[in-house]
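> Look at TrEMBL and you will find 38-60, 80-100, 112-131, 137-155, 175-203, 215-233, 332-350, 382-400, 407-427, 433-457, 469-489, 501-519 tagged as transmembrane segment. The annotation coiled coil is assigned in TrEMBL to 241-268. Residues or ranges marked as region 'Disordered' in TrEMBL: 274-308. The compositional bias 'Polar residues' annotation in TrEMBL covers 274-283. Annotation comment: TrEMBL describes 284-298 as compositional bias 'Basic and acidic residues'.
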């Protein structure tokens, strides 16, 4: 059997289940079974991301009835619990992004999901019956920070794992598919809330036991454990991709060549004094001496495993700093960070503070029994999620390989700014129907726009060896914007009014479109080949300089 036939047989049997596939000529959005499996494993992280981050809105509403008798939550604690998962996300994105590049994807993947499972279980144990109301919120907020670390870790992990394994012509489509699970997570979370509340209607509404809302939110949160446990084993046992293995091998070879050259130059320098025309030795002789068994054994013995690990760790950091110390690379990282930061100020400002939207569409839950109020708010959340949220993601999936990332991001920013401007300028005069239409278009162009592409860009524009950490830094910048919105939206709305806050979001979107100009188009672009070409050019320039000096 030929190697090609053997490879095809292995691929068909699933022996190499998650490696790159060859171009088949089918549309990019048509997936193979291998890609569907990858989508299921990596996509669950973003399903849980949205489920856990956006579910906090109905959870806090229910805790108002369980802890405060239907009264408002303390403003400070409300902001803390609302922002807790995003605070944790920043930590997780930095940490897991760095570790994925330094230690490898397979060594880290799955650990973030274990953290999500642990934190979710601990959130379920919030002792609302034995702690004071404020202490219960603090308890929940602390474990939501830990939950956020796991959720944040999934951003660079799933992005790099997917990008490493995707065929170049459908890499953006695969990433968009992964990110689209965020829409489904939010939608299913809202749907679960409505269903569980409907099941509790008799005991809460007919019997008047509103405190049973405590059971509703626990069931809704616990349901997120099902997809988490379903994919944990696949993540923990996923092998390293060929692309990452090859990138690491090339980096090690490059580092070894550099160390050899430095060692030769040092020896030449040490022997400069006293060298005469008759006694001088060539660089190759010095290099041969450096390779002698005695010297090699001495070097090997002198370095412990811990020292070697530390050396590799420093080498990874050093390579990262050296790469981004060049403006052409730093400019791209600056672009991905700023665009994501500006996007999340507006996106999370709207979606983490949906009470304003619910009031405008008539689902604020201000009238009726306590159960009816909760059910109306939950139904409103479901409507808000369905309005353009899911459709926008799939518009990106279908067009990203045709239109390109840069075009989608710029038009998404500009059209989101347009509809934010309409909502801000006509906030008090729009009818319910007009508000819903404008809000639906706003959500659509967030997701057929920058909300999807800010995730795709860092996974596609940076070389494999720096991809996860650069993606983590970019995502952490975005979450910083989300934290600002979560903490400042309510206070600003009270001080300057909601229309003024919407104008701030308008400005963020305009600025985001401008900073997108810092980014190259990455459709069909292989960043590893770009890096290899840059290295070849640098070596050629170095050789030409040596020739001039000699």
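Every residue gets a Cβ built from N, Cα and C, even glycine.
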> Applying the under-8 angstroms CB criterion, which one of 112-131, 215-233, 382-400, 501-519 scores highest with the transmembrane segment (175-203)?
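Ranked by Cβ pairs under 8 Å, first place goes to 382-400.
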> Other than its close neighbours in sequence, what residues sit by the transmembrane segment (382-400), given a CB gap under 8 Å and a spacing of at least six beyond its ends?
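For the transmembrane segment (382-400), the list is 28-29, 54, 172-173, 176-177, 179-180, 182-184, 186-187, 190-191, 193-194, 351, 354, 357-358, 361, 363, 408, 436, 439-449, 451-453, 456, 523.
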> Same chain, outside the transmembrane segment (215-233) by at least 6, Cβ under 8 Å from its Cβ: which residues?
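Sequence-remote neighbours of the transmembrane segment (215-233) are 40-41, 44, 47-48, 51-52, 55, 58-59, 62-63, 110, 113-114, 116-117, 120-121, 123-124, 189, 192-193, 196-197, 200, 374.
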> Considering only Cβ pairs under 8 Å, which range in 80-100, 137-155, 407-427, 501-519 makes the most contacts with the transmembrane segment (112-131)?
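Selected stretch: 137-155, with the most Cβ pairs under 8 Å.
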> Would you report the average pLDDT that the model assigns to the coiled coil (241-268)?
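Average per-residue pLDDT within the coiled coil (241-268): 66.
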> For the transmembrane segment (407-427), name the stretch out of 80-100, 137-155, 332-350, 469-489 with the most CB-CB pairs under 8 Å.
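The stretch with the most contacts is 332-350.
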> For the transmembrane segment (332-350), give me same-chain residues lying six or more residues beyond its boundaries with a C-beta closer than 8 angstroms to one of its C-beta atoms, as numbers and ranges.
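That would be 86, 324, 357, 409, 413, 416, 420, 442, 446, 450-451, 454, 457-458, 461-462, 470, 473-475, 477-482, 484-486, 489, 501, 504-505, 508-509, 511-512, 515-516, 518-520.
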